[in-house]
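Everything below concerns the one structure shown next.
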Amino acid sequence: MNKQNLLSLNQDALNDFFVCLGEKHYRTKQIMQWIYKVHEFDFDKMFNFSKSLREELNKIACIEFPKVVKQKFALDKVIKWVLALSEDNYIEMVYIPEKDRGTLCISSQVGCALACTFCSTGMQGFNKNLTTAEIIAQVLIANKYLNSKTKRISNIVFMGMGEPLLNEQAVYNACDLLLDDLAFGLSRRKVTISTSGIVPSILRMSKRTPVSLAISLHAPNNQLRDKLVPVNQKYSIEELLKACKVYLNAGTQERHILFEYVMLKDVNDSTEHANKLAKLLKAISAKVNLIPFNSFERTQYQSSNAQTIEKFQDILYQQGIRTMMRRTRGEDIDGACGQLAGKVLNKTKKLNARKH
């Protein structure tokens, strides 16, 4: 019998779980207090549960975590963890400390099937979706270490391995817990889902969760984006921006979108590209994040130099587009944007090989 990992259950699902056991809803608050506030994961030590309930929980439920197989520290104080889900499945997460906040970059899949040509993870292929428990466990593992060092997580970004909107239900349930005051209690603005542009999922996300949205854009036209972000061949820039407008208008509170743009030397960094990008985003409430390309083994790309990026940024500024330039962090431990490869069993390529 497979036990239910309680880290996969949001508050509503925990209510249903305890009702099925013949228990009242207040048990949900109690178990969430133990897990997310006290950080106690042994049912036998949850003293406000009856002996019979503790015995039942031990039979049918568990609170289990991936194993930490490696922890790496960068010169700039970025921390990367490598977690083992099984013998062949590994994921990575990265903590980025700054003066006023601490951001945890978490994974949603083992590998990624979207094959963005400038991304290390995309070059590895796809193996599996993470469960909600495997997503939430990343936050709890990082929290445990950081709390011991009097550091904190103020922001969570789904910008690690995988495409979050190809694992919707697990990611949305995780967001429920990240926002829930009984769990992590983060503000909706402090949790960000980054997507390469899965249009139907963005439309569903606009109704399902109020967290922030980031779009991996990387090109101002379809011809170039088709090459850099192959999913664009299915969902064009025009369709993507239309979905973005639906997202912006769906909430009762003001929403914003961050457009990510990796700067690739002689590929997408010209004055013409900057002008086209400004024109493209003028009609939308957007901020652009210019990201210096982080090199990895066997890549065909190089990063634009600082002067080119600053010129690109100035053009966007002059046309009213809010723009920032991301500072590369954690590069010496392969923790920078686009470098999260992990150890991935590439089933996608194996399946394709069998077909031909």
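From the backbone N, Cα and C atoms, a Cβ is placed for every residue, glycine too.
Listed features, source Swiss-Prot:
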{"type": "ACT_SITE", "residues": "E92", "note": "active site, proton acceptor"}
{"type": "ACT_SITE", "residues": "C337", "note": "active site, S-methylcysteine intermediate"}
{"type": "BINDING", "residues": "C112, C116, C119", "note": "[4Fe-4S] cluster binding site"}
{"type": "BINDING", "residues": "G162, E163, S194, S216, L217, H218, N294", "note": "S-adenosyl-L-methionine binding site"}
{"type": "DISULFID", "residues": "C105-C337", "note": "disulfide bond"}
{"type": "DOMAIN", "residues": "98-334", "note": "domain 'Radical SAM core'"}
Checking your reading of the structure: which of the recorded positions E92, C112, C119 lie inside a 10 Å Cα sphere centred on N294 (S-adenosyl-L-methionine binding site)?
C119
In the structure shown, with every protein chain counted, which of the binding-site residues S194, S216, N294 has the densest set of Cβ atoms within 10 angstroms of its Cβ?
S216
Would you please pick out, from the binding-site residues C112, C116, the one with the fewest other Cβ atoms within 10 Å of its Cβ?
C116
For a quick check of packing: other C-beta atoms within 10 Å of the C-beta of E92 (active site, proton acceptor), how many?
24
Please report the DSSP secondary structure of H218 (S-adenosyl-L-methionine binding site), reduced to three states.
coil
Looking at the recorded positions E92, C112, C116, C119, whose Cα is closest in space to that of L217 (S-adenosyl-L-methionine binding site)?
C116
Tell me, which recorded positions from E92, C105, S194, S216, H218 are within 10 Å of C112 ([4Fe-4S] cluster binding site) if we use the C-alpha atoms?
none
